[in-house]
Amino acid sequence: MKNNIKVILIGDEQVGKSTIINSFISESFSEITQKTLPEVTIPAEFNNEICSTRIIDTFDDGKNLKNQMNMEIRTADAIVIVYSVDRFDTFMSIRMKWIPLINQLRGSNKSPIIIVGNKLDLVDDKHENNKVQIEETIQYFRSTYSNTIQWLECSAKTMENLPELLYASQTSVFFPERILYNREENKMTEGCERALKRIFKLCDHDNDGSLSEEEINYFQTKCGHETMTSEEIQNIQQFVLSKIPDGVNSNGFTEKGFLYMNLLFLLRGPCQHTWTSLRSFNYDDDLVLLESYVHPTLQVPPNHNTILSSMGNEFFKSLFEKYDSDSDGVLSSFDLVSLFSTTPKIPWEIGFEKHFNTDKDSNLTLSGFLSLWNLQTYENYKVTLEYLAYFGSQTENNNIDMISILNSRELDIKSNQFTRNIVNCYVFGAEAVGKTTFLNTFIGKSFSTLYNATNGNDNFKVCGHLLKNKYLILSEYVGEKIPTAELKSKCDLVCLLYDCNSEQSFKFIENIYNQLKQQQLNIPIVFIRTKNNNNNNNNNNNNNNNNNNNNLNNNNNNINNNNNNNNNNTTTTNANVSTSKIIDSFFKSHKNYSPKDFSISRSNSIYHEMMETIVNSSFNDNSNGSNGSNNSNILTYLVIAAGVAGVGLLLSKYLAKK
């Protein structure tokens, strides 16, 4: 909204333009001898007005003055046309001269017009006779002029309606009718109707398609309107029902009823009530959400990541529950359409659900929904802030407290603590070793025997909820060369997958490993062995961890009975672990590493262990980034403990001698 507006007074000679201005600022009447008054500014503090107001007096006499008046008409925020109620010709001059002049000078840039009949103190029978024609002409103006036209009568001598004149000028600028309402057709504009429908959905907290008494009063309170009693609401409902039968149902006002109530406010005018409602929901003068609301400023320092805060997670959880129409714990396609109806569009491509936890029908679970928004926040928090606004979130800090700023892994290492709630893991491996299955198993997807190679230009990625308030991103990378710059800036952990039956697949990840070391990327590394069912000697697959991860589905559907020897399968019926000299030699010379087994035929604790690797690396900056034990930490602890014990022994002997 503007801090100040410019109002210009025009009209025939001797109608009292200057007298109106003088009486208003001096609060008394006096005869004015000069033809025009200098510009007057009325501060906002005066009478608690909406804003400061500049009032321009005009006089149509001579070429220079006329040019000056025309310039003021072009730039005025509101135009007051004054006529004298005791001279009907000055009123007719509005139709014949002043309205055409305004249309000529303003073109499509219309401004609100206030038609003012001055000298009301001189009203006589003749004026009353002309009043019907005046009212009909005013109605004609309103139907032909595409902006607000208001009409009132006043007296500069008795001060009658002078404050109303200023108020009408200000409200016509700040609450423009044409943006919301077509008076000629008695209907809302499309933009107004669209905005009010969105507000209706935001206030419909239980998403039942109607506004209850509680929800109506939530709307009233948020907009600064007076709350209503049950009796008042029932009276309005009865009135709405008498006009539109489907405007009210057993639960309250329907969307049609809500729109009809606002149409009545617009019909009565001015539009202040509806504008106040719209601005309370952060709409600007063009019925677009405020830029500062949709795109608030969040300063994210270098080497930091973003994720939803606890407040942000709670908001999206409540959003999920609101739009879960049948309370079955998932969002159907119908639910998603309803959810995003308050936004311009769904911000992701079709099929985005496959990257997150869903039910068997690909409907997002709550875990999947929260993972989706945490991943979005991690990759581009600005989109999250934008959609928080579309979903109606509004906090004291303009939604930026919905986002948490986290240290990068490098900063965690420096501070010797693990602070992040999200870990980004890159998964490398040769073709057909089971990378996609490794990702899909994490988010509970069913195993498929069909092999579909991942497109090298579209690396597959999933995100899931691993532990309390912890999220893991798994990004499948296809290619023999590591993306050094990307890994350096984004990667927290590298997973190297190989088929235990294929030396060639191990050579592939050994090459990746060597590149990581050559580039001196200080990133933890985990080796993962696939297609091996003999895990008896591997303590990493302890079934006691079955209950630790709600995202991991037990896909042990008699899969071991499927004697499909297709190499595209990520399991094998061979009970013996296929090893080779190349693989054995590597792990003998790299004792910090011990391969972990992955199998879809059992619940895996491997994803938890990957997170533990990250946590340990934050406390133990090992350049090898191994998934081995913290022997150095233990040794340090033992040395310190022995030292303390020795000091204690010497001290006790000393005291004994004393």
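Yeah, the Cβs are placed from backbone N, Cα and C, and that goes for glycine too.
Here is what Swiss-Prot says about this protein:
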{"type": "BINDING", "residues": "ASP204, ASP206, ASP208, SER210, GLU215", "note": "Ca(2+) 1 binding site"}
{"type": "BINDING", "residues": "429-436, 466-468, 530-533", "note": "GTP 2 binding site"}
{"type": "DOMAIN", "residues": "311-346", "note": "domain 'EF-hand 2'"}
{"type": "REGION", "residues": "532-575", "note": "region 'Disordered'"}
{"type": "TRANSMEM", "residues": "634-656", "note": "transmembrane segment"}
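Feature map: Swiss-Prot annotations on the structure.
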residue: ASP204; record: Ca(2+) 1 binding site; Cβ within 10 Å: 22
residue: ASP206; record: Ca(2+) 1 binding site; Cβ within 10 Å: 13
residue: ASP208; record: Ca(2+) 1 binding site; Cβ within 10 Å: 14
residue: SER210; record: Ca(2+) 1 binding site; Cβ within 10 Å: 20
residue: GLY429; record: GTP 2 binding site; Cβ within 10 Å: 25
residue: GLU431; record: GTP 2 binding site; Cβ within 10 Å: 14
residue: VAL433; record: GTP 2 binding site; Cβ within 10 Å: 30
residue: LYS435; record: GTP 2 binding site; Cβ within 10 Å: 26
residue: LEU466; record: GTP 2 binding site; Cβ within 10 Å: 24
residue: LYS531; record: GTP 2 binding site; Cβ within 10 Å: 27
Any further residue of that chain within 8 Å (Cβ to the Cβ centroid of ASP204, ASP206, ASP208, SER210, GLU215) of the recorded Ca(2+) 1 site: CYS203, HIS205, ASN207, GLY209, LEU211, SER212, ASN251, GLY252
Non-local residues, at least 6 beyond the ends, that sit with Cβ under 8 Å of the domain 'EF-hand 2' (311-346): 198, 201-202, 205-207, 352, 358-359, 361, 363-366, 369-370, 373-374, 377, 384, 387-388, 390-393, 395, 401-404, 469
Length of the line joining the Cα atoms of GLU215 (Ca(2+) 1 binding site) and LEU466 (GTP 2 binding site), in Å: 37
Surrounding CB atoms that lie within 10 Å of the CB of GLU215 (Ca(2+) 1 binding site), all protein chains: 20
Separation of alpha carbons, SER210 (Ca(2+) 1 binding site) and LYS468 (GTP 2 binding site) (Å): 36
Whole-number Å value for how far VAL433 (GTP 2 binding site) lies from SER210 (Ca(2+) 1 binding site) (Cα to Cα): 53
Residue pair VAL433 (GTP 2 binding site), ASP206 (Ca(2+) 1 binding site) - Cα distance, angstrom, rounded: 47
Neighbouring C-beta atoms (10 Å sphere around the C-beta of LYS468 (GTP 2 binding site)): 6
GLY429 (GTP 2 binding site) to ASP206 (Ca(2+) 1 binding site) - Cα separation in whole Å: 47
Residue counts (helix, strand, coil, in that order) that DSSP gives for the domain 'EF-hand 2' (311-346): 23 helix, 2 strand, 11 coil
Among ASP204, ASP206, ASP208, which are recorded as binding-site residues, the nearest neighbour of LEU466 (GTP 2 binding site) by Cα: ASP206
Within the predicted model, mean pLDDT of the domain 'EF-hand 2' (311-346): 96
